[in-house]
Amino acid sequence: MRSVLMTRLLLFSIFLLKRNYVISTEYKGKSLGTLNSYHHQVGGEVFAVNEYTLLISDFTFDGSANDAFFWAGASSRPGPQGFILANEYGRTDVLKRYLGKELKLTLPDNKKLTDINWFAIYDLSKNIAFGDVYIPEDFEPPVKQIIGDFTTKSHGVSSGPIEILDSKTIKIPMFSYNGAGKDTYFVVGNGPQPSAKGRKIPDESGYLDNLRTYLNETIILELVGDTTVFDIDWLSVYDIQTKENFGWVLIPDEPNVPPSLQKVADKVENIMHCVQLHKKLQLSWQIFGPQITIRLAGQIDEDNYMAFGFSGSEEAPQMLGADIAITYIDGFRGQAMDYNITEKSPCVKVLGQYKGVCRDTLVGGLDDNQVHTASRENGINIITYRRNLQSYDVGDKEFKTNTLNSMIWAIGRMNHQKEPSIHDYFPRSVLKLDLDPKPPIDTCYPFTVNTEPLKKDVWEQSRIIDSSLRMMTATLGPSGGKNGFQGLTGLPSPGLAWFINGYLIPEIWLKRGITYVVHIYGGNNPHSSQYYHPFIITDEPNGGYDGMTDVAQKHTRILAGVQYTLRRQARPTSAGPLCLRERKGFDRRLDDNFLSFKEFNKSLDMRCEQGDPAVLEFKPNSSWPDIVYYHSFVQSNMGWKLHIVDKFSTGRNSAAQVQFNWLLGILFYFIFTQM
């Protein structure tokens, strides 16, 4: 009896070890086997990543051969009839020494793995294989798998044929959902059908908010942490509050798909409690005595900030009236600045008072956040700071342990003055946070890192090159997210930008000696920090002259748009009534979904205040630099380039002009020789 029990325990232990091994082993593709080693210490395991790509894991080669290459062919065994595969750098160099390397090789000329019978490390001068692996006769390389449509249950959930693109990526074409669920998410899990035991995954933009309305949209979902399609049985549109399944699809067992390009990073250590706010952001905290310690971990760019704090409303994610900390890394030093929000704009001085997203110290408050630690590793910022639950600053809100706290968060870019610009990521619903949950809460998971650079698509830059141009109209509108102002200029945006003759921040060519007129509708109410933008032209790229330091102002030349007082203080002359392009009831986070400025512009409506525009007249002269910039007087990063030229080109580039002249010469030659 005892021996039977021991045997069962041993088998159960083996099962657990096998289970843990399968889960913890990184999926690298379909294994073709280990390299047969004949000479020069060749070793490693070969995987098929997809139809065209091999991956060699733990590759070893002593590098002592004079004419060895990666070699593949369709003959029955390795021989001179074959072709070279470029190395991991894309070059066909003689192989050097490798020791435990992982490298990815792509077949040349769009050849597929099904076109070859073997892969080898081969010496061309001696016609000998140092190591090889054979492709099975019935081999099917990993490819995307189509698994069927969503099975519709309710709430208008439907889709086209769903595709598993790789081990962590699922594409849902023509997805629809009416958005009427109470607490609805994309949920994955195990078992024969969806249940409350599943776990949420981010939507196509990385958010963990209640799902919005979709109408025939194609979206791509990524599984989080170390979860892969091999670990789940189903994907559902699921309402966690009502425990209803609105629509679902089964994931087949062991789908033959390519490995993901995402690599799983080490999980960030929690303080005590941890909540995943977004695919790119985690919040961890601990309360000890009268203080709270907060740790923000974000997978962000070096010039980005992470914001966290109290919403201005108990029931909505409201910026106005919010009390937040802006955290970022400045060089090697972490910052966690205390901010107060009074307007939806970066902080500016309005009639002697600071308004907008301003540091507490500028509006009469205290900065009582104490940075504890700060680090950046593998593209992840980790900043830990402390604050009293009840601040000494009367303008700060209290962290309460006996009720839910209404919190907000954001990710955005710091501008050139180390101030936060408009946020790129922010929640659609308020975060109701219990600061003293029992038992401790942990919904965080490891970040994933893309191993290949992502292609960044930005809208085409608008250009106005017109020798007959004399008059322009300047209005305001939204900056267009990452594909608009930020993508075109590389600068952070305050949220608004100039539209010149209907184009978003166009580059404009102007000629010296010609008088130009700009009709300006930038808002003429100096009490507004958000909608007061006199138009100016300067020789520096950032703008916001009024908010510059004295030193920066001394080094900036204003070419048009101001008058100077007797004390040499600049006063703007060209504001005009407000003409604003805007969109009501639209989630600004979806601006990045527009493929072009034309498409984006069609979604906007124009709203104009009554009154005549301000008129700015100027004439570029020989003292003007070749490139100057149009700006807002009070706010930075709202305009772009003016090219100042002595004459307009004929429109042909130099190569075209040479070709034209050559053809014209031949034509004249034939004409004159026939006379």
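Counting starts with 1 at the first residue shown.
Each Cβ is built from the backbone N, Cα and C atoms, and glycine gets one as well.
Remember, TrEMBL labels are computer predictions, not curated facts.
Worth saying up front: this structure is predicted, and the values here are computed from it rather than measured.
The signal peptide feature in TrEMBL is assigned to 1-24.
Taken from TrEMBL, the feature domain 'DM13' covers 29-136 (among others). For the domain 'DM13' (29-136), DSSP puts the residue distribution at 6 helix, 53 strand, 49 coil.
TrEMBL lists 148-252 (among others) with the feature domain 'DM13'.
The domain 'DOMON' feature in TrEMBL is assigned to 279-412.
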Using DSSP, how many residues of the domain 'DM13' (148-252) fall into helix, strand and coil, respectively?
3 helix, 50 strand, 52 coil
For the domain 'DOMON' (279-412), residues assigned helix / strand / coil by DSSP:
3 helix, 76 strand, 55 coil
